[in-house]
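Peer 1: Straight from TrEMBL, here's the annotation block:
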BINDING   A:Glu175, A:Arg221, A:His449, A:Arg490  L-aspartate binding site
BINDING   A:Arg221, A:Asp222, A:Glu223, A:Gln230, A:Glu483, A:Gly535, A:Leu536, A:Asp537, A:Arg538  ATP binding site
DOMAIN    A:142-556  domain 'Aminoacyl-transfer RNA synthetases class-II family profile'
REGION    A:199-202  region 'Aspartate'
2 protein chains.
Amino acid sequence: MQSRTQCGTLTTQNVDESVLLKGWVQRRRDLGGLIFVDLRDRSGIVQVVFNPNINKDALEIAEKLRSEYVVEVKGTVKKREEATINAKMKTGEIEVEATEIHILNKSKALPIKIENQTDATEEIRLKYRYLDLRREEMQETMKLRHNISQAFRHYLDDNDFYEMETPMLTKSTPEGARDYLVPSRVHPGEFYALPQSPQLFKQLLMVSGFERYFQITRCFRDEDLRADRQPEFTQLDIETSFMDQEEIMAMTEEMLSSVVKKVKGVEVPTPFPRMTYEEAMERYGSDKPDTRFGLELVNVNNIVSESGFKVFKNAVESGGKVSAINVKGAADQFSRKDIDKLTELVAVYGAKGLAWMKVDGETFTGPIAKFFSEEEVKQLSAKLDASNNDLLLFVADKASVVADSLGALRLKLGKDLGLIDESKFNFLWVTDWPLFEYDEDEGRYHAAHHPFTMPQVQDVEKLEQDPANVKAQAYDVVLNGFELGGGSLRIYEKDLQEKMLKTLGFSDEEAKEQFGFLLEALEFGAPPHGGIALGLDRFVMILAGKTNLRDTILFPKTASASDPLTDAPSAVSTEQLDELFLKLTGKATE
Amino acid sequence: MQSRTQCGTLTTQNVDESVLLKGWVQRRRDLGGLIFVDLRDRSGIVQVVFNPNINKDALEIAEKLRSEYVVEVKGTVKKREEATINAKMKTGEIEVEATEIHILNKSKALPIKIENQTDATEEIRLKYRYLDLRREEMQETMKLRHNISQAFRHYLDDNDFYEMETPMLTKSTPEGARDYLVPSRVHPGEFYALPQSPQLFKQLLMVSGFERYFQITRCFRDEDLRADRQPEFTQLDIETSFMDQEEIMAMTEEMLSSVVKKVKGVEVPTPFPRMTYEEAMERYGSDKPDTRFGLELVNVNNIVSESGFKVFKNAVESGGKVSAINVKGAADQFSRKDIDKLTELVAVYGAKGLAWMKVDGETFTGPIAKFFSEEEVKQLSAKLDASNNDLLLFVADKASVVADSLGALRLKLGKDLGLIDESKFNFLWVTDWPLFEYDEDEGRYHAAHHPFTMPQVQDVEKLEQDPANVKAQAYDVVLNGFELGGGSLRIYEKDLQEKMLKTLGFSDEEAKEQFGFLLEALEFGAPPHGGIALGLDRFVMILAGKTNLRDTILFPKTASASDPLTDAPSAVSTEQLDELFLKLTGKATE
């Protein structure tokens, strides 16, 4: 039997060869008694010509072809005449003269077009996902995703990591996000939970002495969905024993840099730049700064603390902050109306206003310019590196509002003004995270990362008295303004872990009930250990140049966590519920 | 900072080198003022010596060491004196003279010993799984598992397959095994199901034009557990377009052979032997024959159909079957009592008796020998290749009972008589499976494989009238008597798929409700496609020489689908249930 040739691989090297092609009809044109068919398979497209002088029967079959019919074609590769060469096609210098054709399957008219620029709604794209996935850009993204996963595995395998599979049916732990539950049929009234991450299992594997673990695995969080969240997502999960923070970070850098090199051919220099959490918030108003452009936030507290402009003075006096962004050389591009729009944006983040001044030669203009002394203008100019035609934007508020609002404003301006070099892959470490976050609603501390994160050595003493100021041995890796992943050293001593849980408000009994097995494991020779987890979907998204996580996932869920293709979730039979000892309450969400 | 050296890698090559070791205390011996510690890490064990003349402080710390303490040791590699060389240890020619030691973590006395031959109960081993996994044989199995997974991925990547991730939260389809359900919080009263396999999604990926897909993925079946079943298990799942059965089988052979070569260094010849389902049942009484030994079943219907032994005659006349196993040269090893034991075994499989004769020179002896004519003895001798001191064992019953009982008897005898060469990897294809199984309880046909399996071309006509005799384009790959995996070509035409579902008893409406999306997809240019799925856990078990699937899985479930380590499944809060619109019925299993 003749073996199949891939359409997209044919070149002038193959001229006069006899080939067997199998694929889809991209389009058909009838011209001067001939029929031209663009035949597509995974590798690309080639033009097939049916000529009545070669085989009349084949031509007759070709007359029946419609878009997306599946066919098998035998023919001979021919060089095209100069005039008909298509420089836009990879195979544009040749065509295949068909000697035989069989229709393997037909196709109805398609509900969406198989073209890169689709105008189909997302709902339709997901309902007919198997057609949406035929589009070249989806095929390319999925191929890239495969290449990325394999590249991670190659690196980790080469570095003596074992890929190890942790359970999917596990125990529900209310700490953290909401669990997806799975009722047990064998144990009435009891439930498994799907893992939010393999965190505890990977720590136990370190207690087991495996030393170097990784897994590319599915994780589940039943959270309210946002554009960039999915109920199930894929994580590259890594854990090591006996390595310190520096070693784990260096290994991660080497791994990421080798993967980007392999799949994109781009050299990423190591070590990656680093920044503390505090510095990131101060300079970028974000814990995941996009460092591909400037527009940094500048704290001007010292200069404006005695200013005649009460808003600034009061902000500083009440323990808040005044920061500014200098939009270089853009004053003349921003009308009052434009600035009003920016004011609306910062208001979303709680800022009560956006103060602004324009630089005109040596002086500042605008409604608040009059409040600043000559000395203050001079100092602001120096600090903000202001020169003619710069636009200075200020927010004065408590620190978190200043960061959130100016951080968002910075990203919007960077995008709108075209300051972002899309070809760059800017990796960045953010370090020295706070160990806790205070939840004002609940009046208690939450773990900023997770309850197993190691405090910094000098802060251990503060755990009980001053948790707000305890820093973690934690590190996030940021890529182009996205949180790509986060890691930490873990607590490996039972006493410290118990203290940590206490600070989080666990009673001894609750701690034992939820994490007793971990506490016990720490008593049997647990080694120092730590690791990192990277979001694979997001990494694929960034490397593929996409803006939507759903474009990186084969069969994603909608914003309401449903799948329009299979219609999941759906009702199940009473028998199924009976077996699980469950009844529906019949109540619906308000 | 000095970088760490792995204990198990040290040899006489390293003598006089200064090393930093980190690991666990395997054992400590005090001898003549010195302390000897066997230090273990993932790579192996090395002996560390504490000598008061080198560092008295270090010796004092070493005095506190107990088994499984985690320590960091600096020292110098020394050649052992001839008399103290330990040939049993990989590192037995050297030892490390400690200059410094730090205790990184302590350990309580262990509930199980870290030794290969454990006598701990399985419950204890699972409760302290993180300790059980420290045992060398578990470490080796998990390393092998990693190597096997990576070897599959290398082969498939090299052959242009993409690894693609299908959803875990999907739609419940009652056809097949029982689903694990996941209640939806956003859609009251609705449920996702965890996948029993990615079957439909991988078929949709073929409709998408990906052509070559694979995935090493978790699958879930809520079945009553047996020793060799787990609620979640791992499958190597493969699907291809445009390949026929021969091509898929050849590719699978090449893949399996390359993996066994890579991880075990054993050459497995290809192509694998093949056998039809009918032949397997006839010759081995099993659809997954262990071909590492003989003891084949021989049908003697033709010889005994007119025999004076009524049991045989009647079995043949009523459409049943008489088959025999010849246990060569073993007649003198089997007393009446021994044979009674074998009779009990076949009774479990429904056989009403086990007839037997012993060969004594040219004649047969035993209680039923008298019923056979000289001619019949001659013919039986020839057919069964009987010679002096052979034991002939017969079952006469309907075909399925004969197969099941003699099949089980064959396996038991093969094992008991030591006929199985454990070093062999005997792969085998079983082909030409029936498409349907008749369910006598329900009075209807079930899909023997799954409802998407392609019938053999010549049998399509029989689908409606004579389903019992329709054969499938399906193939199982068997290894050493285990079903390693199964595959088939799939139905890619809507009409045939509809006919298939009808034969299975689906109304048009049910077919649409359950599989409407598949039927629709088949109308949009679905290519011919097929694939195979291999059980990874089982493959690891066989290659690791284990007999229990649980020894290949990091954190397996018990026979009641629970995890003694984390105590999953467990009760959840009323709030969690409320959010899911669920109530417990409070009923328990009878």
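Cβ atoms here come from the backbone N, Cα and C positions, even for glycine.
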Peer 1: Give me the mean pLDDT over the domain 'Aminoacyl-transfer RNA synthetases class-II family profile' (A:142-556), rounded to a whole number.
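Peer 2: That stretch averages a pLDDT of 95.
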Peer 1: Out of the binding-site residues A:Arg221, A:His449, A:Arg490, give me the one sitting nearest to A:Glu483 (ATP binding site) by CA distance.
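Peer 2: Answer for the nearest of the binding-site residues: A:His449.
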Peer 1: Please report the Cα separation of A:Arg221 (L-aspartate binding site) and A:Arg538 (ATP binding site) in Å, rounded to an integer.
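Peer 2: So the alpha carbons of A:Arg221 (L-aspartate binding site) and A:Arg538 (ATP binding site) sit roughly 16 Å from each other.
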Peer 1: To see if you understand the setup: which same-chain residues, six or more apart in sequence, place their Cβ under 8 Å from that of A:Glu223 (ATP binding site)?
Peer 2: A:Ala177, A:Arg178, A:Arg229, A:Pro231
Peer 1: So how far apart do the ATP binders A:Arg221, A:Asp222, A:Glu223, A:Gln230, A:Glu483, A:Gly535, A:Leu536, A:Asp537, A:Arg538 get, largest Cα to Cα in Å?
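Peer 2: Taking every pair of listed residues, the largest Cα separation comes to 20 Å.
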Peer 1: Around the C-beta of A:Arg221 (L-aspartate binding site), how many further C-beta atoms are within 10 angstroms, looking at every protein chain?
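Peer 2: Step by step: centre on the Cβ of A:Arg221 (L-aspartate binding site), count other Cβ atoms within 10 Å, giving 19.
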Peer 1: Give me the count of other Cβ atoms within 10 A of the Cβ belonging to A:Glu483 (ATP binding site).
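Peer 2: Within a 10 Å radius of the Cβ of A:Glu483 (ATP binding site) lie 16 other Cβ atoms.
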Peer 1: Can you check which residues sit near A:Arg490 (L-aspartate binding site), meaning Cβ under 8 Å from its Cβ, same chain, 6 or more apart in sequence, and list them in order?
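Peer 2: Listed in sequence order, they are A:Gln203, A:Met206, A:Phe452, A:Thr453, A:Met454, A:His529, A:Gly530, A:Gly531.
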Peer 1: Expressed to the nearest Å, what is the distance separating A:Arg538 (ATP binding site) and A:His449 (L-aspartate binding site) at their Cα atoms?
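Peer 2: One finds 19 Å between the Cα atoms of these residues.
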Peer 1: Which ones in the same chain are close to A:His449 (L-aspartate binding site), with CB under 8 Å and 6+ residues apart in sequence?
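Peer 2: Sequence-distant Cβ neighbours: A:Trp433, A:Leu435, A:Ala472, A:Ala474, A:Gly486, A:Ser488.
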Peer 1: Check A:His449 (L-aspartate binding site) against DSSP and tell me helix, strand or coil, would you?
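Peer 2: DSSP call for A:His449 (L-aspartate binding site): coil, neither helix nor strand.
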Peer 1: What are the non-local neighbours of A:Leu536 (ATP binding site), defined as same-chain residues 6+ apart in sequence with CB under 8 A from its CB?
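Peer 2: Same-chain residues close to A:Leu536 (ATP binding site) (Cβ under 8 Å, separated by 6 or more) are A:Arg145, A:Ile148, A:Ser149, A:Ile216, A:Phe233, A:Thr234, A:Gln235, A:Leu236.
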